[in-house]
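First the structure, in the form of structure tokens, and then the observations on it.
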Amino acid sequence: MICKRGYKGYIYLEDGTLIEGCGFGAKGIRAGEVVFTTSMNGYPESLTDPSYRGQILVITHPLVGNYGIPKPIVENGILRNFESERIQVEGLVVAEETDPYKWNSQMSLHDWLKSEGVPGVSDVDTRMLVKKVRNKGVMMGVISSGIELDDPKKYLEKKYDEIDFTQFTSPKSPIIHQGSGKGIIVLVDCGIKHGILYQLNSRGYTVVRVPCNFTANQIMDYSPQGVVFGNGPGNPKLLQGLIKTYKDIVEYKVPIMGICLGHQITSLALGGNVRKMKYGHRAINKPVIDVTDNKCYITTHNHGYGVFKEDVPKDMKVWFYNPDDGVVEGMIHNKLPIITTQFHPEARPGPWDVTWVFDKFKKVIESGRP
Ligand SMILES: NC(=O)CC[C@H](N)C(=O)O
């Protein structure tokens with residue numbers, strides 16, 4: 001195989017599969033859970049989504065890199081075109097990585113991965129790889145770019161589900177984004193996407209991002225009008241401290257919104273359950289049905305764990321579900337001002353059809369009712 005960047009690359013799966021391709025981006029070896037997204041675009045946003053920490057991402061769209069990587073645009077400390085300040089995935093696998101052709105491209109995908117020390121592998125039969133993951137379920141794997149992979153098993157000692165990745169993605173101290181109005185929302189930041197910050201801040205709220213391990217007292221010291229438990233990486237059941245904080249916050253009856261990881265933490269804190277899915281939902285065109293009016297929306301997803309119908313806490317009801325597999329994609333509390341979505345109402349990447357969920361949260365805050 002002749003490789004465009006001059007070096008080879010490999011993907012090794014824990015079931016023994018070894019795939020040879022071409023290396024791109026940084027030279028190096030990393031381990032991670034191998035997951036795939038069917039998103040057709042939005043790779044700058046996906047690669048910087050902290051929920052992908054610990055994972056090797058396979059993009060099923062055959063050409064990746066066509067429009068390059070834009071210059072970051074920051075307003076009020078909020079990134080408008082990336083989801084965090086760095087690439088979060090452990091590695092990237094594509095069929096073909098291309099050089100950019102677009103007016104606002106600042107650098108190629110290859111140069112971006114290289115500058116951030118993240119390995120990529122191209123020229124891979126991603127369809128075969130995805131079929132394997134779909135049939136067997138997500139697996140641990142090793143990605144190597146530009147380095148021979150002699151003994152891949154030695155990189156596979158740690159299991160994705162047993163690592164608390166929020167230690168890498170949560171800020172160490174609070175970060176404040178001033179709003180135009182008076183209200184304060186505390187956003188519990190276990191590795192949030194800037195799209196969520198943007199949606200809250202653009203509705204006038206001052207958003208205080210607090211570390212994932214802040215206590216309820218520390219959160220309530222800000223006298224927030226609402227508390228948002230945002231997205232984040234890894235296994236929600238490892239976050240027992242966060243679950244405790246959630247339970248304590250519920251006692252204050254303050255309006256709560258849970259997004260993705262926050263939806264899962266809601267279920268665990270209120271007596272429900274969360275389970276690992278076979279290969280998760282990662283896409284920007286997943287259908288969800290709103291049971292209140294039976295409307296179907298096309299939404300952005302990135303989750304490997306899920307709340308199933310029988311896992312919903314007894315004081316909550318299903319708000320959204322995915323008609324493909326029945327996974328619960330949103331919940332509303334029967335009495336308390338608590339709403340959640342498993343999908344990403346902030347999209348990025350993806351359609352903005354469901355940003356009204358943030359307006360709904362504003363109404364919940366104003367009325368004090370779910
Ligand atoms: N995007 C998220 O918040 C993901 C939540 C959780 N880490 C999961 O994979 O299911």
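Positions of Cβ are set from backbone N, Cα and C atoms, glycine also.
There are 29 other CB atoms within 10 A of the CB of CYS260 (active site, nucleophile), with all protein chains counted. Among the features that TrEMBL reports, active site, nucleophile is placed at CYS260.
Among the features that TrEMBL reports, active site is placed at HIS344 (among others). Residue environment of HIS344 (active site) contains 27 other Cβ atoms, counted within 10 Å of its Cβ in all protein chains. Under the DSSP three-state reduction, HIS344 (active site) is assigned to strand.
Residues or ranges marked as active site in TrEMBL: GLU346 (among others). Take the CB of GLU346 (active site) and look out to 10 A: across all protein chains shown you find 27 other CB atoms.
When secondary structure is read from DSSP and collapsed to three states, ASN302 (L-glutamine binding site) falls in the strand class. Among the features that TrEMBL reports, L-glutamine binding site is placed at SER51, GLY232, GLY234, LEU261, GLN264, ASN302, GLY304, TYR305.
The feature domain 'Carbamoyl-phosphate synthase small subunit N-terminal' is assigned by TrEMBL to 7-144.
The region 'CPSase' feature in TrEMBL is assigned to 1-182.
Within the same chain, the residues at least 6 positions away from GLY304 (L-glutamine binding site) whose Cβ sits under 8 Å from its Cβ are GLU33, VAL35, VAL138, LYS276, MET277, TYR279, GLY280, listed in sequence order.
Of the recorded residues, GLU346 (active site) and GLY232 (L-glutamine binding site) place their C-alpha atoms 14 Å from one another. Residue counts for the domain 'Carbamoyl-phosphate synthase small subunit N-terminal' (7-144) under DSSP, split into helix (H, G, I), strand (E, B) and coil, are 26 helix, 55 strand, 57 coil. Cα to Cα, LEU261 (L-glutamine binding site) and HIS344 (active site) are separated by 10 Å. Summarising the environment of LEU261 (L-glutamine binding site), the number of other Cβ atoms within 10 Å of its Cβ, over all protein chains shown, is 30. Spanning the residues SER51, GLY232, GLY234, LEU261, GLN264, ASN302, GLY304, TYR305 that the record associates with binding L-glutamine, the maximal Cα-Cα distance equals 13 Å. Rounded to the nearest whole angstrom, the C-alpha distance between CYS260 (active site, nucleophile) and ASN302 (L-glutamine binding site) is 8.
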